[in-house]
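Each remark here refers to the structure printed beneath this line.
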Amino acid sequence: MAPLKMLALVILLLGASLQHIHAARGTNVGRECCLKYFKGAIPLRKLKTWYQTSEDCSRDAIVFVTVQNKAICSDPNDKKVKKALKYLQSLERS
């Protein structure tokens, strides 16, 4: 009987953890919401692209993607972020 109770507990915990993981995602085609902003320098020459998080996310953010496919969550009101956006937009035009 004890192994059956243990199995039920494991299934319950697994189900709860999967529900938590699913709830953290936004509706932006599988892209996740940002929980906090990156505070360091933004490496302009290593940036590949960017996107804005979904309106369903609790925190408005710009996400920069580097050439190594790493995501950098950034505050859209930060001067460094605006500079990085202008840099990427100038690359798109040329």
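Yeah, the Cβs are placed from backbone N, Cα and C, and that goes for glycine too.
The disulfide bond annotation in Swiss-Prot covers CYS33-CYS57 (among others), and the record cites similarity to another entry as its basis. Under DSSP, CYS57 (disulfide bond) is assigned to coil, being neither helix nor strand in the three-state scheme.
Within its own chain, CYS34 (disulfide bond) has THR53, CYS57, ARG59, ALA61, VAL63, CYS73 as residues 6 or more apart in sequence whose C-beta sits under 8 angstroms from its own. Sequence annotations record features per position, and here Swiss-Prot assigns disulfide bond to CYS34-CYS73 (among others).
Sequence annotations record features per position, and here Swiss-Prot assigns signal peptide to 1-23.
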